[in-house]
Every structure is written in C-alpha cells, then in structure tokens.
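> One structure, as structure tokens, below. Some questions next.
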Amino acid sequence: MLPLRAFARLAQRPRLSRPTQLARSSLPRPSPSRPAAHYLALAPAPSTRFLHSSPPVLKEKRWLNNTPPEDDGEDGQNPKQDDQVEKPLPDAESSKSAEERAKSQSSKPDIKASSSDSVSSSAPAPGSADGGSPPGAGGPKEVAKPVIPEIYPQVLAIPITHRPLFPGFYKAVTVRSPPVIKAIRELQAHGQPYVGAFLLKDSTVDSDVVTDINQVQPVGVFCQITSCFTSQEGEGKPEALTAVLFPHRRIKINELVKSSGTKGDGTVGVGGLVEGSQDSAKGEGEVKSFESEVPGVEEVREELGTVSIDSEQPDVHKENRDLETKEVTQIDFLHSLLPQVSLTNVSNLSIEPYEKDSQVIRAIMSELISVFKEIAQLQPMFREQVTSFAISNTSSQVFDEPDKLADLAAVVSTADVSDLQAVLSSTSIEDRLQRALVLLKKELINAQLQFKISRDVDTKIQKRQREYYLMEQLKGIKKELGMESDGKDKLVEGFKEKASKLAMPEGVRKVFDEELNKLVHLEPAASEFNVTRNYIDWLTQVPWGVHTPENYNISHAIKILDEDHYGLKDVKDRILEFMAIGKLRGSVEGKILCLVGPPGVGKTSIGKSIAKALGRQFFRFSVGGLTDVAEIKGHRRTYIGAMPGKPIQALKKVATENPLILIDEVDKISKAYNGDPASALLEMLDPEQNKSFLDHYLDVPIDLSKVLFVCTANVLETIPGPLLDRMEVLEVSGYVSAEKMNIAERYLSPQAKVAAGLEDVNIELEPGAIEALIRYYCRESGVRNLKKHIDKIYRKAAFKIVTDLGESGLPEPATPPAENQVEAQYPDIKPASELTYNVIPGTEVSGVDTKTDVTTVPREPMKVPAGIHVKVTQENLKDYVGPPLYHKDRLYTHSPPAGVSTGLGYLGNGSGAVMPVEINSMPGKGNLQLTGKLGEVIRESAQIAMSWVKSNAYLLGITKSEAEATLNDRDVHLHMPEGGIGKEGPSAGTAILTAFVSLFTKTRVDPDIAMTGEISLLGQVLPVGGLKEKILAAHRAGIKKLIVPAGCKPDIDENVPESVKGGIEFVFVEDVRQVLHEAFRGTEVEKRWQETLPMEEEPQRERH
C-alpha cells in the first residue's frame, strides 16, 4: 500500500520543464502531455482525487495535509456546499487548449505523477469549474499534468480518409454526424479526450461511423483531442465540428461494441470527478477509508490494464493491497449513443523486439538521414519539417528512436495510401524502416523533378521579366520622344475592320477573336507575335461569303469559247450544259472536270476561256512533280515560314470564294517520303468533303464547294483510281490538218505577227505554206510545235526586213540624253561618271563601266516604210524554217515485196503514223527475232500471230499436209522501221499477221491498204484506241482502204471528221479470216482460201 505521504513526496520532486512548441498540423509537434506541468498545490483546504485510468469510482476523500474537516454535524462529516459541489467539465473548458495553462506554468517545476494520480489536461482543478482556487484557499491551485494511459481498452472510433495518422503528428479532422459530435463533447466533458483514428479502406466513403469492422484498416492510432471548434460549411447545412487530434501510439481494432452493452451510471475522467446519480445519492458518510480501498498497481494492471506506470515510481503494489474499486469502462457513458456512434475494443500494437545497435537498422537509418538531407537541400519547407522534428525529439541521438524516424519519413512523403498504411501496420522496426526508405526515395525523385521544373520555369520567367522591363523602358523612351504608338493598335484596328466586312462562320469568328485577343496581349518583340499576326492576316484574307456574280448567257459563252478556241466540241458542250443548269437553278455547285489529251491541244488555255465565259476569276497551279503534301494542305503553324496550301492561296489571290481553279498535270504527281499529294487532292476534289476543307495552317473548315475545278492530264493510266473516280473526264483529241489550218490562220499567225513587231507591216503567210508546215514539219496532234514554227517565220521576216533596209533606212528615233532625264527626275542621283567603286588592289571589276548611261524612258518603236512587203510561200518556206523533217508519209509507195504490210500506230506526242511491218526468214532453228525498239505488248502480238499462222499453215497453203512441221529449220526476223521511235501496244496484231502470211505464201499486199487491230490467239480481232490520229495519218499518206475492228465503228463515226474520212474505204472486220481475204483480194491464194479458209460472213464496208 502506498501511503498518502508518499504521494506528497512525489508531488514535491522537481522535474525540468520543456517549453511548449506550437507548430502546424503538418509539422511534428510535442505531445500535449509534454508542456510544463502545473504544481500540485499542497494547500490545506482543497481535496485531491486519485483516479484510475479505468473509470474508477470515488470511494472516499482524504486531505493531503491530514487536516480533518470541520465538524458540521453529529456524525462529524461536513456536508458539501453548493459552491463546492463538483460538476461536469463544461464544453467551453474542453475546447481550451491545455497549452495555455502550460505556458502560464512553464517556469515552474514539473511533477512526475504516477498512473494513479494522472489528471486530465482538459479538466479543471477540483472545486472550481474554471480551474481557479476554491473559496477560502490561501493561494493559487495548480494541477499536475497527466500521463497518457498506456492501455485504453475501449475508444470511440473515428474513420478518416486519404491518409493514415502517425504518432507524434497533429491532424485536424472534421465530423459532421450530430451523434458523433455529441460523443466528442461528452468525452471532453468527462475528461476522457481520447479517440481511435482508423483509415477507411474505400476512400470514396464519407462517414463518421464505422458500421463494420472490415470498413477500416485493422491498425490505427490512439489520439488525444487537443482542441475543437465548430464551423458552418454552408447555408442550410448542419454544423460541423473540427477536432485537432494528436496521435500517441498505434492500436489494433479487435471488435465493435454492440448497442446491447451495459451503460455505466457514471464516469470519472482523468483530472476531475464526475459523479453519477448513484454517487450523488450517497452521502459522504458512506465513503470508506481511502487507503484501505485503493487497489494495488499490479491489480489495476491485471484487471483493467489502463494505468501507465513510470519506471521510477515506487512499488505501490506492496503498499496498497487493500485499495479496491468498482470496475467500469472509461467511456461507459457513450453506450447510450449506440449504434449512432462506433465504439471499439482495441489493444496496443506490439512491436517485435529489436536491437538498437543492429547494423542493418543503423545502415537504413543512416540512408534515411542522407535522403532527408538531400531533400532538405531541394525543398525549404521540407527542411523546416526535419528541423522541427529534431527539436521535438526527446532523444539526443536519432539512432535511439528508429520508429519515430520511420514515421517522419511516412508523414512527409506523398506516397500512396496503401504504402503509408503498410508503414503504420508494420510491427518490425527493420521492415518499417525499409518501407519508409522506399517512400522517401520516391519523394527524393519527385523533389529533384520539381526542383528541375522550378529552375526551368524561373529561368523563363526571369527572361520574360527582363524583356518586359526593357520593353517598358522602351515605351517610356518612345513616350518622351513622342513615339508612343508602336503600330500594334493600328494593326489590331485594321484586322477588325477587315473582319467586319466578311461573313465569317461562327466557328471561324470565335477563332479570330481568340487570336486577336492573344495578339493584343503580346509584345511586338515576342517571337509568337509575328506568328499570330500572320495567322490573323491569312484569316482575314480568305474571302468569307464574298463571291462574284456569274454570267449564264449561253450565246455570250458560245461567242467567247469560239473566239478563243477552234474545235473542242465536247468541252464546249459540257460548259454550256453547266451554264444551262445554273440558269435554271439560279446557282450551281462546284464541279470537277478533267481534260485529257495529248500535249499542245489547248487544255490549259481552255480553262481560261471557261472562266471568261462564266465571269469567274481564274487561278492556275501545276502539280507536276509535286512531292510535298503541304503544298496542298498547308504547313503547320509551328514551322518557320509556314503558309497555307495552294487552294487557300488561290482564294486569297482572287478574293472570291467561287473562282475557277485549274490544276495542271495531275497525271504527273510524284510520291516521296513526306506523303502522297494525290491522296491529299481527294479531300479537295470530293464534292461531299470539300464543303469543310481543312487546311493545316488555318485549321478551320473552309467551303470549297463553290469552286469550279478543272484538271488537265495527258494520260489516265498514271492517275490514281480514287482520284479519277471523283472527276468527270473529257477527252480532248488531237487536231486534224483542217483544224490546224484554221487555228494557224485565225490565232497563231496574228499573235506571232504582233509579237515580232510586224503588226503594221505587210507580211503574207500563204495557206500553202501553212499546209506544208503541217504536213512536213509539224505532224504532232497539238499546235504547240506549229506555233513555234510560225513564230520562227515572223522572226526571220523581221530580221530580213532590218538587214535588207540597213541601218540608214531605219534611223534611230530621237531620244533625249539619258543622264538629263535621270537627273531631272531624280536630282539626288549622281551621274554615272561621278560614281566610284571600291576595288581591291590587283583585281578587276567585270561589268562595271563608269560611262554607262541609264534611263527610265521607254524606247520608241521603229516605223517600217509602207512599201515593204514580205510573202512566205511553200517554195521559200525552207528559207525560214529549214529543210523538211518528214520527206514522205510512207516507206513503200509502190508494190512492196512479200512479207511487208502497212500498219497504223499512235505516237507518244499524240499523233498517228503509218508504220510498215517487215518480215524476212533465213535458215536456222525456228527462232523469232524482233527489232525496232518494240515494247513488251507488241512482242506478245508477234508471238500470237506466229502461233496462229503455224496452227493454220495447212489451211493457208503453207504446208502440204497437216502433219508437216512448219519453220522448224528457219529463223524469222520481224522489224518495224524508225527504230529511234519506241513502239508499244497491241494494235499492230493484224498487220503482223498479214506480213507473216504474205511472206510464207510469197504473195504481195497492196500498199494502199493499211490496217489496225488487236488479235487473239484464236483469231478474233479486238478494238483499239487512237483511231482519229491513226486515220489522220492514213489520210495524210494517201491510204485508200483501212481494215479496222468492227468495235471501233462508233468511235470513228463520232469523233473522226468527214474531211479526214474523205476518199477512204473502211472495212470493219471481226475475224482474221476477213482481214486476210480483204488484204489479198483478187490473188491466187485468196481464191484457194474460199475453200480452205472461208469467211463466215462478209465484213461491213463504208466509203467516204
């Protein structure tokens, strides 16, 4: 039993006090039990109550100075006065921080109390609710600072989210549940400000009550409520309570207390006495002797397990065997609030034994401290946290408290909740340190990255600040000099004025406003200023909603088209149809036309004529050899020198949204590593997509559906299929001789005359000369070469006029001296004679003549005398253009030898030609040799013809029996003259077959017969193309009969003019038998074939 005087001696033992340190909730703060304790007053009057950590019930009061109470009755007991009756602690007192009272007593020595004399820091001294001295006391009363109970079997559970709490670090939590708020206030009022904080497993749950033990993590912390205050989160919302918690140690949740638990009659809190209804009913006389009924320390530890015993305290178990009390839980008074609050049975989380001198632990702690130092160098806030921890650490060596070091590492890290909970739940110091080291290493990486980002941002900001400072100085200087405006305001106003005249779509207007607002806030010296200015300039240059009125007058269009071009009936008819639809509807949508034809037939120039007839603006660009997609779709704004694509440039140039855009040479687009421009044209030339064409530079949709696109190409084979499918193809065939004559007389000759300066000179170019040019110099299907020769004729004529008349006959016009003109117009310019040049010694300056005259006056044209007359005829034509290029139209004009036939070919320049086929044989091994720069297809045609002849050798009369072998001992050589010209295509099949039969039957073919057509292996004749050019070549060569496939008859009737077909007999065949009968008509072999190789029916004939 510990006598009463022992407590007095303990109260008199001095203890050094430590100053209270107040820190933020994120920094480590000292335990509320650490501030300097109050003196335990030994005044004669006040009574001291010794309480158990497990809710003890007061049995008897004893005065420490052994002074008996005054005798106020017969039984010697002093009845309790009204002002001396102890009441529960008010809420206001509980919210006051114990630190205020600790500060007032910080200079006084602390008293180290045992577990049996622990008093609550939130409770007042006995006899007064505000902690003052009771009436009649001789001096101020001081209360000893309590020791936090080591065992607290039952606590109020508070669920928390986001992060778990760690011992030694404050945390503020907000409670919104009214029952829980009431429970917290009850805890403070009863002097038991202790709760358990457990982390919710589901962070999305927002609850103040634990209904299931599996909702929270099994390991939490035992916390002391240091202060509380209420707050209103919003109008109409319930009041919330914010409580500041200080965790002391780790605890483990065992079970939830059910609502059927026993409710206590009263609870005595640490630091004060709260008497229940039963205790109030008892008189002071019923209280037994204090020393005889206080239980021993070991009994309390065994039965209740809630008393914290200091190692320096005397063994009270031996001196206080007779101390007994009634067992009740500390928070028995909260059972009435079940199940609206969560009460849990908990136990302390035990730590596995470890050795402080373990090399592993010391190594990990050393690494932790090293990482702490590295982070502290990068983050000043982190440095403050570590400093505060070092100050609050009670141990002189950090190696003595590895658990606190691990907790600090977890608190300052921004790790995942599961990782933090793992540190909290770990019972092994080594494992806890390992986990904390991992978290701190991650924090170091984040700190390094944050430091790098911060340093980069600071560098940029400093640069911008310096630029801004200099710009402000520049503005001030300009203001002093009267140059306040830097032009940006005028620029912005100009953009606004342009935009007000355009009908921008809503989306484009929004982008314009955003970019203009950005431009206003940018400095002109900034690099982004020019980028934004150029972008806004392009936005305002696009003709949004601006279009030109179209002319749908059909007669006017016919007049313009005929004035500019001769022929081209198909193209002109299509344009007139387009205008007729527009006249009926009142408006037309954009179309995509593709003009395909040989070079020089006027595909590009017809585009200009179409635009002129429709009254539209014209823009042309070529895609021949184009490899960059950006030329069509534009460049990204991030590139230096970026600009929109060709369609947007066209709209800017023509300043209207319905122009005619000519895309030249679409069959010559190339592919490269940076994309396929042909694929980029798909969006632009698709009527379903070009309503919202997206340029990479502007990055806003643009309507191209009103644009009339006209494309030109020489061949269709090289145009991608998807692109060709989006265009309406119009074939522009070559010109015949009559058409070339009209074009030369009406267009080419007058233009060449003006270009040569002979507009007023009497020069006559006779039609015979033009015809000779077409026949012997310019056989291509177009007129470009013809134009060159006519220009050459007029140049020669101009030179002849000047040389014949001489310099005296054409005197120079009177021109004032150049120097006088220059000096009069530009007085600041020095005369040429006064100009000086810096020349390096020992060198010469080429092209520098100090005496050279300069002038800005245009030269006057010379006047040719009226008597000059130049006449260009067929006879003197070679004096102007040289000897003829083509001497004769066909190689064999008379009866050719056996093995020769006449075919018709289509040349690469778009013209036709008469091509003889020559075959000869010699002793050999049955080989077939082909010469004449023949292509793969024409070689295959020769093989097919040879195979047909061998298979029908007996019927043709080449062999005497069907079993006789043919040509096994002879080689055959096939040649097509003009080997410099490449030849390709299947159309020479019938001519090659005829030449083979002529050679093997030793029968000649009439030279006035020409043929064309593809043959199959079984003798069928298939249609071919280029009939207009081939017939024109046959007409020019004087061919009398043409053998053509029957499938080509519609093409001949539609596209070949009558002037070309005149004098020619057309034979339309379907089988090679018909070809052979027609080519060898009237010969002996043909008569024999009527029996051995008869025709199924006579071929169709037409004579023109």
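Just so it is clear, glycine is given a Cβ too, placed from its N, Cα and C backbone atoms.
On a predicted model such as this, the values are computed, not experimentally measured, just so you know.
What Swiss-Prot records for Ser987, Lys1030 is active site. Taken from Swiss-Prot, the feature compositional bias 'Basic and acidic residues' covers 80-103, 281-291. Here Swiss-Prot flags 155-444 as domain 'Lon N-terminal'. The feature domain 'Lon proteolytic' is assigned by Swiss-Prot to 895-1082. Look at Swiss-Prot and you will find 8-144, 275-295 tagged as region 'Disordered'. Marked as transit peptide by Swiss-Prot: 1-58.
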> On the 0 to 100 pLDDT scale, where does the domain 'Lon N-terminal' (155-444) sit on average?
73
> Write out the long-range same-chain contacts of Lys1030 (active site), meaning residues 6 or more apart in sequence whose Cβ is under 8 Å from its Cβ.
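Correct list: Leu904, Gly905, Tyr906, Gly912, Ser987, Thr1012.
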> Taking the Cβ of Ser987 (active site) as centre, how many other Cβ atoms lie within 10 Å?
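Here the count is 29.
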> Which of the three DSSP-derived classes (helix, strand, coil) applies to Ser987 (active site)?
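The residue in question, Ser987 (active site), is coil (DSSP, three-state).
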> On the three-state reduction of DSSP, what should I expect for Lys1030 (active site)?
helix
